[in-house]
Ligand SMILES: Nc1nc(=O)c2c([nH]1)NC[C@@H]1CN(c3ccc(C(=O)N[C@@H](CCC(=O)O)C(=O)O)cc3)CN21
Ligand SMILES: CC(C)C(=O)C(=O)O
Ligand SMILES: [Mg+2]
């Protein structure tokens, strides 16, 4: 065996591409080693989303995430899930030009074990994405609702609501496919339109709020597992009432400390 061996992963860029018109792709966010280790056995892709700035940073949008923050969390995720295909979500401003984008994407490969980066944007990002893929970076695209445009657009707006938007989305998907993405996220798009977009390219489209006619699904884990009582957009399904479970456990701990029931003989030296 070589002293330099490639890490063995459950999935590669190629095996994800092959899932098109095959089994749907399971993607979920992960931001730390602990949860990454719990999700990895059941997921095809772990996304270190810049949504961490909202869900864990407590901010009202994702724009404050930086390369240093994303790399810190990506290293933790890779550490917790050594065989997983991990994707780092390139933060706002980190790919403003092809040169800046390549320098930052190179950092991802040099400083972490992530397999790919994700870039928000349609045909306006095709030149940048080509520049990355030509330089050996695996890129996941992201079209439709682009959270990094929230301030410029004045809110999170569902896309694909008229014929012009539908045509633009198909153009975006084709431009990204040509630029060499191995798959792309399609977010916040009318279901019938998202299905048509998925059928217009040969790489997988992974939906969030894009219906069931695409090639896979992604959710922010803390949404899917019910950790937010205030954030309940239509596309989220709660598979667990996480917040309730934690609140109940925390209340019990507090009650036992106050009542001097904890620690007892079994938990004391
Ligand atoms: N926790 C979390 N979950 C996410 O899915 C997520 C983030 N954070 N942060 C980054 C982006 C932001 N996302 C969002 C945020 C809000 C809406 C929202 O308010 N949607 C409206 C629909 C708006 C419309 O109809 O145009 C809704 O009521 O569902 C959607 C996506 C998705 N992403
Ligand atoms: C919602 C997903 C696709 C994302 O970009 C994130 O978690 O930041
Ligand atoms: Mg994101």
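Glycine residues also receive a Cβ, built from the backbone N, Cα and C atoms like all the rest.
Because the structure is a prediction, the values reported are computed rather than measured.
Reduced to three states, the DSSP call for residue 187 (active site, proton acceptor) is strand. A simple way to gauge crowding: the CB of residue 187 (active site, proton acceptor) has 23 other CB atoms within 10 angstroms, across all the protein chains here. Annotated active site, proton acceptor per TrEMBL: 187, in sequence order.
Residues annotated as Mg(2+) binding site in TrEMBL: 50, 89, 120. Mapped onto three states, the DSSP output places residue 89 (Mg(2+) binding site) in strand. Spatially close to residue 89 (Mg(2+) binding site) yet at least six residues away along the chain are 47, 48, 49, 50, 51, 65, 70, 117, 118, judged by Cβ distances under 8 angstroms.
What TrEMBL records for 50, 51, 89, 118 is 3-methyl-2-oxobutanoate binding site. A simple way to gauge crowding: the CB of residue 51 (3-methyl-2-oxobutanoate binding site) has 21 other CB atoms within 10 angstroms, across all the protein chains here. Residue 51 (3-methyl-2-oxobutanoate binding site) carries neither a helix nor a strand DSSP state and counts as coil.
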Between residue 120 (Mg(2+) binding site) and residue 187 (active site, proton acceptor): CA-CA distance (Å): 10
Fewest other C-beta atoms within 10 angstroms, as judged across 50, 120, which are the binding-site residues: 120
Candidates near ligand 3 among the recorded positions 50, 51, 89, 187, judged by a Cβ under 6 angstroms: 50, 51, 89
Additional residues around Mg(2+), ordered along the sequence, whose Cβ is within 8 Å of the centroid of 50, 89, 120: 49, 51, 62, 65, 90, 91, 92, 118, 119, 142, 147, 148
In three-state DSSP terms, the structure that residue 118 (3-methyl-2-oxobutanoate binding site) belongs to: strand
